[in-house]
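**Q** Pasting a structure here, questions to come.
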Ligand code: FAD
């Protein structure tokens, strides 16, 4: 029987989970979120990532498995779909024998997780499952309020200059909370100069002094960025800040019942939301099928 699912969150976790759900079976899926692809906001981590794949998870842990299970899909995207950026579910992503899966996106800001089950969010009722991919804001969402999720503030500069390569320096002379990396994105996404990792810092506005330090370090490490002409020749698109959703104990992939509604969580990936995206989403999807039986006994 068809199931009605609302995925809260349109970051890399929500969209990847919705993508894998859409391949699984005849699910009617709505992705509902405050921020959608194209938006820039500190509460929305996904647009700020350089999105590199450099796993540092400890071998033998779930996190290491999630990274490993993501690699093949990211490699396929990079090799065969280089234009695939931050898009919602393409139709061709559906499996060959699936023609009834439907996916909608919808703006929605929820104070409580059960608001996702109210009328007007999903075209069908009742909602059988809510998937919680709210990232950092899982710390504030009613019914969840997971205070073990905290921000790790990442300030970056996005420039039009092409570095021609990816560079990452371990540590800087400017303290433990600062970093130095240069990542050119595919499909005209600009080059990211980073950065910072400032735990428990919610400041949404870029710090101009930090911006200058980031630029100076990047140009020193990679003079090719401006053909050796110095930092004045950087073509800056924007200075930005994203808050990584860091969760004590790692990403939460679990199911529970909240107010009698089945909820599957996938949030708290910290600085690894892209490199663990498919692995985490698959682990969340794997929790779902057996869970239908549990719900029908409620
Ligand atoms: P988000 O992208 O934050 O999405 C959360 C979604 O939930 C949004 O759509 C939001 O609107 C919605 N939402 C939240 N609360 C509500 C509510 N109450 N009602 C409705 N909607 C709600 N990761 C890597 O793997 N590699 C990297 O190189 C990398 N570099 C990074 C660099 C920087 C500067 C930053 C900031 C992050 C970086 N990351 C990197 C980490 C990665 O960006 C995050 O782990 C990932 O984006 C988290 O995705 P998410 O979908 O969980 O959360």
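Note: Cβ is positioned from N, Cα and C throughout, glycine not excepted.
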**Q** Given that TrEMBL assigns 181, 244 to the D-dopa site, pick the one from 164, 260, 268, 271 that the record assigns to that site as well.
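**A** TrEMBL names 271 for this D-dopa site.
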**Q** Take the domain 'FAD dependent oxidoreductase' (117-287) and average the pLDDT across it for me.
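**A** Across the residues of the domain 'FAD dependent oxidoreductase' (117-287) the model's pLDDT averages 94 on the 0 to 100 scale.
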**Q** Can you go through the binding-site residues 134, 181, 271 and pick out those with a C-beta less than 6 angstroms from ligand 1?
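**A** The ones that qualify, in sequence order, are 134, 271.
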**Q** Excluding 181, 244, 271, please set out which residues of the same chain place their CB within 8 Å of the center of the CB atoms of the D-dopa site, keeping sequence order.
**A** 49, 50, 152, 154, 179, 194, 195, 197
